[in-house]
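Below is one structure, written out as structure tokens; the observations come after it.
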Amino acid sequence: MASKTKASEALKVVARCRPLSRKEEAAGHEQILTMDVKLGQVTLRNPRAAPGELPKTFTFDAVYDASSKQADLYDETVRPLIDSVLQGFNGTVFAYGQTGTGKTYTMQGTWVEPELRGVIPNAFEHIFTHISRSQNQQYLVRASYLEIYQEEIRDLLSKEPGKRLELKENPETGVYIKDLSSFVTKNVKEIEHVMNLGNQTRAVGSTHMNEVSSRSHAIFIITVECSERGSDGQDHIRVGKLNLVDLAGSERQNKAGPNTAGGASTPSSGGSGGGGGSGGGAGGERPKEASKINLSLSALGNVIAALAGNRSTHIPYRDSKLTRLLQDSLGGNAKTIMVATLGPASHSYDESLSTLRFANRAKNIKNKPRVNEDPKDTLLREFQEEIARLKAQLEKRGMLGKRPRRKSSRGKKAVSAPPGYPESPVIEAWVAEEEDDNNNNHRPPQPILESALEKNMENYLQEQKERLEEEKAAIQDDRSLVSEEKQKLLEEKEKMLEKDLRREQQATELLAAKYKAMESKLLIGGRNIMDHTNEQQKMLELKRQEIAEQKRREREMQQEMMLRDEETMELRGTYTSLQQEVEVKTKKLKKLYAKLQAVKAEIQDQHDEYIRVRQDLEEAQNEQTRELKLKYLIIENFIPPEEKNKIMNRLFLDCEEEQWKFQPLVPAGVNSQMKKRPTSAVGYKRPISQYARVAMAMGSHPRYRAENIMFLELDVSPPAVFEMEFSHDQEQDPRALHMERLMRLDSFLERLSTSKVRKSRSWCQSPQRPPPSTTHASLASASLRPATVADHE
């Protein structure tokens, strides 16, 4: 068993190159990558280089060329990491590279063919095979699946895959995702089914580089909890967490555009990722997706550069969701493997060089892994406590009564339940049967438990029947009761007993079903494979690990020998003649000059890379500025200022996520109850408040109108028409003109008041005539009449 903690452990980096595709061969692209598997070196040749320019060489922990197999990568590189996870360490495997270089193939592969299965299915098989071969250990395996699409975290196993999840941080457990679903799995088939469900909702699309390109970062999380009894007699729980990461492709946006041939896009949440069946439909989404992908990968590169430099005190984990989730895997409590996937074609030179530099920086990261022993929030401990509680209830009901333990025919001692497993006679019998059988011909727990329950139920029924017979005999012997009363009491006793038995049986069956369901979730090894085959498989695994370790040591020794040869060549200072000294020093000078030129070329490439990254960032910044200006324009022209102020007052900065959010309309601490809606009044079509009822009773205009438009009377009053003839002298008289205007205004106001009274009257009120009022025309005629009479006289 590995040590519980190590001072530091370097991040393991391996490189893998795919073969040339048919499309690249047809286009005439040449191969620019050379993989030295023995030395662990990758040599990259610039197709546009000057005649004297040397190729660039990078050294990694392991290198796999185009002829390598999936099993080679897993056995030599990933298998030791999975063994560490089963011992309680955190582990991470992630693939990084350009789109179309084989990241998804490396991580998942082809599920149907065993030889082409990738890291994830091989890890499934490895975990459950180890559990089946373990002894005196109890396991609980659960799986989660998420993706990061355009900087939004989505649960691929949720019924609402488009729902956005939040990142939280706990001082004890670290970074976690709130409301992330998790499924307990019992075998390889179940965990494969969980992953297939998640793959159906993952965001993929067609680009120039790949017809089925991953447009999101996907992380499959496996949590393995193990319970084992220690030397102190107590159960100790270890929790190992495995992150299997399939990153989206890193490439420039002009190469990540939509495929003009038209490729289907299948984003999660059923279309939020854009892109229908044509390339034009996806044209608006692909640049946006590529921008978000490059931003997150750029943040990942900044984190790796800060960790590798050992000079920066601040590590920018919070720059993206991806780096927050991988915080433990990069410089924290985890063992991490990075698989750098490369494209060999000449048109991928820039991307391959960027990937190699990225991987070369990652080699310098130091992690501090430790065993996660006895954490507080383990699901396995909750399962054990729940099983113990159900077992106690069943024993209290007499369904799991104590039985003598079986002894083997060979005189062995009684076999107890496995450590950490709640003792029960069913489990005792199960384990004893397997100990008696050398061939491990086990019986499944389900029939044993069912037979035990049936037998104990029969005993319980027999006891109740005997009790009933005793009560019947007591009633029969009671001479103070008449025969009718005795018969009535006997019938009541039988009915009560039958009812109690039925209720007891239902409750017991429910408890037993829950007990069996909880028990079946826990995995105990040593049952599924024969001992002889078990030992052979263990020996094969040990031999395979020894071979992989020997290859790794051989590769390291060869690298050290090359360095020492260079050092010894420099230290040799004895020459037989001046000619020999000139030749040796000339050769050394040429070699140093070539190194100088390589360093200058590297500096120039770094400068060009810096300019390219800066241009990409400026382009992304300009795009965000355009979007921001558009939103400001919409806000200024279409949203009222008061609504804008309300929105601005609700905004606050969430320091944990570094995002602006809205405060709730109702504070969480205020227990405010909503007002009840007015109940419907008798005879009215709608609910009416008390104020409206009083207003209607007073005859005034009610606040809430309850009348039906069908009950309103039609306005059939004839229009008021005035025909007035004025002489030429009257038309010239200003008082006559004023009189005409007042009469027209009076007619208009009279019609308006009549229509208002009719429309405001409810269907339950009788028609009322408007009160007579003094009109402007009458006042005017009254004021004019004395003057007119005087003039006439």
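Any Cβ shown, glycine's included, is placed from N, Cα and C.
Summarising the annotation, Swiss-Prot assigns ATP binding site to GLY97, GLN98, THR99, GLY100, THR101, GLY102, LYS103, THR104. Swiss-Prot lists 376-630 with the feature coiled coil, giving sequence analysis as the kind of evidence. According to Swiss-Prot, the feature compositional bias 'Gly residues' maps to 270-284. The compositional bias 'Basic residues' feature in Swiss-Prot is assigned to 399-413. Marked as domain 'Kinesin motor' by Swiss-Prot on the basis of sequence analysis: 10-365. According to Swiss-Prot, the feature region 'Disordered' maps to 251-288, 395-423, 756-793. For 631-793, the entry in Swiss-Prot reads region 'Globular', with the evidence type sequence analysis.
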Based on DSSP, name the secondary structure state of GLN98 (ATP binding site): helix, strand or coil.
coil
Average pLDDT across the region 'Globular' (631-793), rounded to a whole number
64
Row THR99 (ATP binding site), column other C-beta within 10 angstroms, all chains, value 24
Under 8 Å Cβ to Cβ from THR101 (ATP binding site), same chain, six or more residues apart: give me those in sequence order, or none if nothing qualifies.
ARG18, GLY249, THR341, LEU342, GLY343, SER348, THR355
How many neighbouring Cβ atoms, not counting its own, are there within 10 Å of the Cβ of THR104 (ATP binding site)?
25
With every protein chain in view, how many other Cβ atoms are within 10 Å of the Cβ of GLY100 (ATP binding site)?
27
Counting other Cβ atoms within 10 Å of each residue's Cβ, which of the binding-site residues GLY97, GLY102 comes out lowest?
GLY102
